[in-house]
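Comments concern the structure below.
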Amino acid sequence: MSADKERKSGIRLSLIIIIVVFFSVVVSYALSMTIGYTTQKKSLTENTLELNQITANELSRTTETIIQSMQDTLKSASDYISSGQWKQEDLQQQIDFLRGSVPYFNSVVIVNAAGLVTVTSPEALQLKGTTVSSEQSKEALRLRKPLISDPYRASTGRLIIMASYPIYDRDGGYAGFIGGSVYLQEPNVFQKILGQQGVNENGSYYYVVDSRGNLIYHPDASRIGENVSDNAIVKQLLQGKSGQLTVENSRSIKFLAGAAIIPAAGWGIISQTPASVVTESVEEVIAKVVLISAPIMLLVLLIVIFVSHRLSSPLNRLAHLASSLNSGAAQTVRLPDRKHWNYETNELYSAVSEAFRLLDKRAEEFSNQAHTDPLTGLTNRRLMDAIVSRWAEEGVPFAVVMMDLDRFKAVNDTYGHQMGDEVLRFLARHMLEEKGTNDYCCRYGGEEFVFLLPFRTEAQAYEIAEKLRSRIESETSPTGKPVTLSLGISSYPLQASTVEDLFRQADDALYQAKQQGRNRTILYDAAAATVEPE
């Protein structure tokens, strides 16, 4: 009995194998999920930062155009005033007409060289005959050059910015300035242009600051005029640097921000998205992956437990045979086949290795779920398919422009694949410049690209396609020579009743463009589509 107890002491090998395998699988599974989470979060964060940077750059260009137009308008008015000796009534009519005909200014004033307000529009301002007192107006008189002021409180009590332009008489003498004011806390041109989107459903929004960090535009109108120069991305702008940054606002909310400078005024524009949007998106994906993979992992663990018992049985038999030596039965001991024992061990290793391989494969697949084509920065094929499927389900009418670079293989053969990649990026940049707010630019594959144009007719799609084709044809590509495009157009549901038919029709039209000599745009015509593409 003592010998039996000694034989039974210790932990069975099968239990050790089960414990080791269990923890190995659990740790590997957790590691796989962690890697997937980290990779996906990093990818989505980078994409969000880049998207906000693109948005900020586009809005910067728009605001720059507005400011330049404001100055041009004031210059035209200044030239008109300088061209003759005008009666007070004529000037009043001209200024009233100016304010009413352009959307830029809430009010317009003319100030003479002595700082006296001579004309106001609207006249209800009751500033006529008063002397300007603001530092901004005095600066305009002193510097005698076009200016855009920082926000300040006018004598009317309003928070405004003022664009001014000097006036000279016919003899070249300084005669004062004409100033146009934008009321920041009332409906104004910036709200009309920048405020169309407001705060996105996911919490994204953009705002504008002046050269001192004061808010000029913000979706929350009550914050206009507030100084936010302590914000890290605003500090970066005040140093003259555009770029991307993860920041924390005054309410301790983290944002993924992209910033761009507006050169004409020294302002900055920031487009930002709450960092929590990325975290929530990744967590949602991880939760789905866990929900799908957990039963599989449970099944794998059950199989491993079963296999561990089968694998340990030869070792248990060997242990019993070895213990029989103590009983003096050495003659009856029969050692197990060593080859058989190694085979069982190798089988266990293979089973566990296969489980790890499956986990690694899932982690790799999970890490490749980003939606952006890495070469061109355009929407990739996966997201494009999801978009058109959603539009089709929701009954959204849209047009598809499928395009292909002509003789692209010759570009690769002549200049190399690196230059070929530059040509693809060249096309992608022009597509982004031509697309509308709700349009999508996609890389379909290779040198094929797609415009997705919601709520556009085929005629509108044709106009966009031709504009892009003409630009590509007329501009010098990275090779030093122009390249050309062939484009095919179809629409849903006017031409195609399914997404599959839509892309087939667009491809047929593209093929017809190739057959007709390349460098052209073809609308899909069912009667003409008699030849299948190669």
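For all residues, glycine too, the Cβ spot is worked out from N, Cα and C.
Positions annotated as domain 'GGDEF' by TrEMBL: 396-526. Per TrEMBL, transmembrane segment is recorded for 12-32, 255-273, 285-307.
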Model confidence over the domain 'GGDEF' (396-526), averaged pLDDT: 94
Same-chain residues at least 6 beyond the ends of the transmembrane segment (255-273) whose Cβ lies under 8 Å from its Cβ atoms: 45, 48-57, 59-60, 63-64, 67-68, 71, 148, 200, 202-211, 216, 233-234, 236-238, 240-249
Tally of residues which DSSP labels helix, strand or coil - the domain 'GGDEF' (396-526): 60 helix, 32 strand, 39 coil
